[in-house]
């Protein structure tokens, strides 16, 4: 009995190892297990960003799409990939572990990259070459079986990327013991270094791989990406003996749907407090963890779930003695979990506009750089390598933030986090406003040079260095670091345990909706500005004829309005967990 008791105490409750045996506290989880995840993220993002950053030029130069169509194709691909992270997160929570979802998804991405590599290698699978500088000979756009092969490969990659994004961050975050201050601090460090490794993979992608694509051929670029995702699989598997994997607890969407439908259908509009408390005896709410009991924190900023909350009170109808249907019988715990998830959505929604701005990094900004002088001494820098600026800044800022800014903020504020997740997200949203204003000013200067040089009607490189574009990349890259790391940890730490992978995937879904919204805004802008025989702002094959500076000012105004919207929700939000304050 003594041995059995000892064995039970040493197990991680709710976690198993890769062989589905109970995970042991001194053997599974921790920094070592998470380090494999960080190594995998370098290779995974290298494979993804190597193509995404340069794909707009592949579409225009080799598949012969117009600049606007190329931009929309890329944003749709990126949007789909990130939106599918919700599927990866859902499957991780509901049926499989994050461990198996990653392995399946990486194999799917590998297959898609193989298809794209084969197409890039064979000239018979692409449209015939043409000279875009000769207007009398139109270029043949990809169509038929060639287009089918292109988009099948592309969206297999998107499906794989979505599964990886939805499973890898929560898999790493699950390795830490959140009941101790040390475990929570290590988890916060993990998210910072997750973005660092994401950027490191991106650094290799936008320098070495993009150079290979531009100088040696796209078949080599796709080949390197294929090799990277292939190598990530054995590295991930090498960490198998150290991982602790959360046991799936059933579909979170079922719980959410049941509570929402029950709240609508139950005949009793509300329940008095005594009835609710009585129901808690048979259906207790989540028990406060050691961290929630042991910390001295201002409780007015924390939403307690020890008793039924008054917020979103209409959902309390779901807890009824006489439900409309026995299948819709809900516990207080289920109702409170759904409330927590619903409260995440306003914050999530406010980050979409930033990601709409980020979409410009992979589309119009690359086209801008392509019209400028990209020489650095004797070296000609590919326009798609411009993301090196935000990537380098993120790689410098992430360790500085974790090792200097956060410790200083902890001493200053006397709180565990130092800077809260919502404050971090707010800083990022403010920087996005600055970034779009800078982008507009740089475009005004670029077009001024084109006019003064008499090159406004030509596609020749302008006598202005591409380093001017670096400013907008710098601010947007900084905004991305603050918002992405902040939102990932915010969603993971605030969500119920049974819904964490799905909630963390909201960070990527925000990117997806931002990319889609970017395409919609471009289409709306062209429709509205093209009225009454005026030329649309963003149409044609010559970027010098675009009114891109007006578009950037529009994005700046929308970002400012979004920031004010965010401040409203952020000041009203009450943290569920004391450690996130």
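Counting begins at 1 with the first residue displayed.
Using N, Cα and C of the backbone, Cβ positions are placed for all residues, glycine too.
Looking at 9-30, 97-118, the stretch flagged in TrEMBL as transmembrane segment turns out to be 97-118. Range with TrEMBL annotation transmembrane segment, chosen from 218-239, 240-261, 262-283, is 218-239. Within its own chain, the transmembrane segment (97-118) is flanked in space by residues 16, 18, 40, 44, 47-48, 51, 88, 91, 125, 149-150, 152-164, 166-168, 170-171, 174, 219, 222-223, 225-226, 229-230, 232-233, 236-237, 240, 243, 245-248, 501, which lie at least six positions past its ends and keep a Cβ under 8 Å from the stretch. When Cβ distances are compared across the two stretches, the transmembrane segment (384-404) makes no contact with the transmembrane segment (508-531), since fewer than 3 pairs at least 6 residues apart fall below 8 angstroms. Contact count against the transmembrane segment (71-91) (Cβ pairs under 8 Å) is highest for 508-531, out of 31-59, 344-364, 464-488, 508-531. The stretch in closest packing with the transmembrane segment (551-571), judged by the count of Cβ pairs under 8 Å and taken from 190-212, 218-239, 344-364, 464-488, is 344-364.
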